[in-house]
Every structure is written in structure tokens, then in C-alpha cells.
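Written below as C-alpha cells is the structure these notes are about.
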Amino acid sequence: MNVAPSGKKSGRASLLDSGEDFSMLDDVEDDVDDDLPPLEDAGGGKKKDATKADAVADRTPSTELEEWLDVLGNGQLRKKVVEAGAGLDSRPQRGQNVTIHLKTTLTDGTVVEELPNVSFTLGDGDVLQVLDLTVQLMEMSEKALIEAGAKYAYGALGSSTPAVPPDADLILEVQLLSAEDAPDLELMLPSERISLANRKRERGNIHYQRTDYAFAINSYGIALQITEATSRVDISQQEEEELLDMKVKCLNNMAAAQLKLDHYEAALRSCVSVLAHQPDNVKALFRKGKVLALQGEYAEAIKTLKRALKLEPSNKTIHAELSKLVKKHSEQKGAEQAMYKKMLGNPTNASVQKHRAKSSWSLSWKWLFGATAIAIGGVALSVVIAARN
């Protein structure tokens with residue numbers, strides 16, 4: 001299980017809001033009540049000479065009569081306290097770095113893995129959903145048994161490492177060992193920020209490969225915030241360039257995930273952000289061209305893809321996309337011309353009819369003029385004959 005600590009992200013909102021076309025690489029975030037009421041104490045009244053341990057027990061749930069808690073209300077995620085913790089006030093908060101002891105088994109008892117120290121940032125999507133959703137309900141030192149449906153574990157794809165079959169439900173034994181505030185990003189060494197951002201980006205890639213695109217966007221967004229944080233420690237030119245390179249990678253990957261979700265405007269903004277830093281970034285140009293084409297902006301899309309092809313003339317994917325787009329654009333123009341002809345009528349036929357009408361009028365005038373001349377001539381001849389007589 002790939003997990004990593006995170007930097008402090010005060011005031012950060014969730015961004016839930018390539019095996020891609022050429023080498024690059026569902027989401028419902030369930031609401032969980034963080035303030036569940038304490039269970040009733042199953043014991044009798046407290047003795048007058050109660051020890052400190054008894055006082056602690058009085059403010060923690062009873063373990064003997066603890067029932068299964070349906071965390072989400074759908075029966076797919078259940079939690080049961082096996083050993084009580086230090087009380088409700090000791091529960092970790094989202095954004096804190098937590099460490100747990102984890103043992104994972106299949107429902108038939110097969111042990112999947114056992115990890116003595118798993119560290120991650122609670123709520124960042126660094127681990128399986130089952131852990132993000134249930135560890136925040138645990139008290140310090142608490143041991144709990146958790147039943148998770150496949151939807152909140154490894155899903156329909158399963159996992160090769162650790163070995164988990166597709167659509168497998170899991171049973172997890174978890175103990176919360178520690179929880180502490182994440183370090184301040186502004187005080188972190190640049191090398192630490194780069195490493196942290198890269199771990200978040202890699203987690204996003206895992207989500208992307210599992211087609212969990214919304215979670216991928218969330219991880220890429222967290223990585224971006226890490227790269228963009230101001231620094232109160234000295235940073236070298238090389239480190240600034242490394243942070244910028246990491247930012248560009250995250251934006252490019254985010255655009256790919258946004259495209260998968262048909263978030264065209266968001267994907268376009270991500271591509272534009274990349275190109276603002278690296279105008280000749282081929283992946284950003286390619287994806288920008290695809291977005292423009294999907295929005296019906298064929299001429300601009302063709303222009304963008306031609307620019308990408310000029311940078312990588314041998315890239316077959318760009319060639320194929322450009323050829324397909326040119327054909328679509330040609331068909332679109334043909335359809336538009338046909339529509340205009342239908343709206344305006346056939347100008348050629350109109351010209352012929354106009355010419356014919358003109359010719360007809362010309363013949364009529366000639367005939368009328370000739371007839372009039374003949375008539376006038378006849379009248380004149382009659383007058384002359386009459387005069388002679």
C-alpha cells in the first residue's frame with residue numbers, strides 16, 4: 001500500500017468538484033458524522049475511590065457491548081471497537097498525519113498483508129477509502145475491526161500488490177498509533193516539498209489507472225497546492241525549476257482526468273496553465289486540441305494540433321487525431337454550404353431564370369416594335385392611296 005505523509009494545507013477545500021492517448025498515464029464522497037454520541041456506560045456507578053484508569057474508562061465506549069456501527073448507512077462499511085481508546089477528544093482530524101497498525105484479510109480468512117506502521121494524511125485519498133472514512137472515527141490507541149465492501153476497498157479491478165481478487169470484500173484490523181499536525185508547507189525544505197508533491201501525484205496516477213478520475217483530480221490538486229505554496233526558506237534556482245516541472249506534470253495529468261469526466265472547460269484551463277509555463281509542451285497542446293475539437297472549435301483545434309505535430313513530426317497519435325479532425329472539419333464545412341444553399345436558394349437556377357425572363361421580355365419588345373412599325377406603315381400607305389384617289 002503506497003502511503004505518504006503530507007504537508008500542512010490550512011484552509012484547503014476538497015477538489016472533488018497516462019494510460020491516456022499517448023503515454024500517460026466513481027466517485028461519491030460519503031458524509032460521515034464526526035461527532036457520534038458516546039455509547040452509554042454499561043457498568044454500574046463509579047466507586048468513590050476510582051482510579052485514574054477508571055476515570056478514563058468512564059469517558060470511553062464500553063468494549064464488551066460494542067455493536068457494529070454502520071458508518072455510511074448502506075451496510076457496506078461497518079466498524080466495531082475491539083479495544084477502547086483514549087476518548088472522543090483524541091480522535092484525529094482531517095489533514096493530520098496519522099500512523100496505524102494494519103492487518104488486512106479476505107472474508108475467507110486469507111491474510112492479504114500486515115503492516116506495523118502505515119502513515120498517511122487523513123482525508124487526502126492517500127489510502128483506501130475504507131481507511132480514510134473510518135480512521136477519523138477512531139480514538140487514540142483504539143483497536144477496531146472493520147468490514148469493507150469492495151466498493152470502498154480495491155473495487156472491481158482488485159489488486160496485484162497486495163494480492164486482492166476483483167470485487168473482494170475485506171476485513172481490516174486497525175489500531176490508531178498516533179496523529180499529529182502536518183508540517184507547515186512554508187517552512188518545509190524545497191526538496192521535501194518536491195518529494196511530497198511527487199508522492200501525491202503518484203497517488204493520483206494510481207487513482208487514474210483504476211479509473212477513479214475524481215480521486216485522481218483530488219490528488220493532483222493537493223500536489224499542485226504543495227508546489228504553489230510560498231516558501232519562507234531559501235530556495236535555489238534549480239529547486240524552483242523542479243517545483244515548476246512538478247506543477248506542469250500535475251496540471252497535465254489533471255487535464256487528462258478532467259477529459260475523462262467530460263469537464264472540458266476545466267481541462268482547457270489546465271492545458272492553458274501548462275502552456276503559460278511551457279508553450280511547447282506537446283501533451284498540453286495535444287489535449288488542448290482535443291478539448292477544442294470536442295467543443296466544436298475545429299479550426300482552432302487543427303491549428304493547435306499542427307503546432308504539436310511540428311514539435312513531434314513522428315508522433316503517430318497526433319497524426320491520427322489531426323487526420324480525423326481535418327476530415328470532420330471538411331464534412332462540417334460541406335454541411336454548412338449545403339445548408340446555406342438551401343436557405344438562400346440555388347443562385348445558378350435563379351440566374352438562368354432571370355436570363356430567360358430577360359430574353360423573353362426582349363423578344364416581346366422586338367415583336368411589339370415590329371408589329372407597331374408594320375401597323376404604322378400600313379396606315380401611312382392607306383393615307384397615300386387615299387390622297388391619290
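Every residue, even glycine, has its Cβ placed from backbone N, Cα and C.
The annotation compositional bias 'Acidic residues' is assigned in TrEMBL to 18-38.
What TrEMBL records for 43-57 is compositional bias 'Basic and acidic residues'.
Residues or ranges marked as domain 'PPIase FKBP-type' in TrEMBL: 95-180. Counted with DSSP, the domain 'PPIase FKBP-type' (95-180) comes out as 12 helix, 40 strand, 34 coil.
Look at TrEMBL and you will find 1-61 tagged as region 'Disordered'.
Taken from TrEMBL, the feature repeat 'TPR' applies to 282-315.
The feature transmembrane segment is assigned by TrEMBL to 367-387.
Confidence over the domain 'PPIase FKBP-type' (95-180), given as mean pLDDT on the 0 to 100 scale, stands at 97.
When the repeat 'TPR' (282-315) is classified with DSSP, helix, strand and coil residues number 27 helix, 0 strand, 7 coil.
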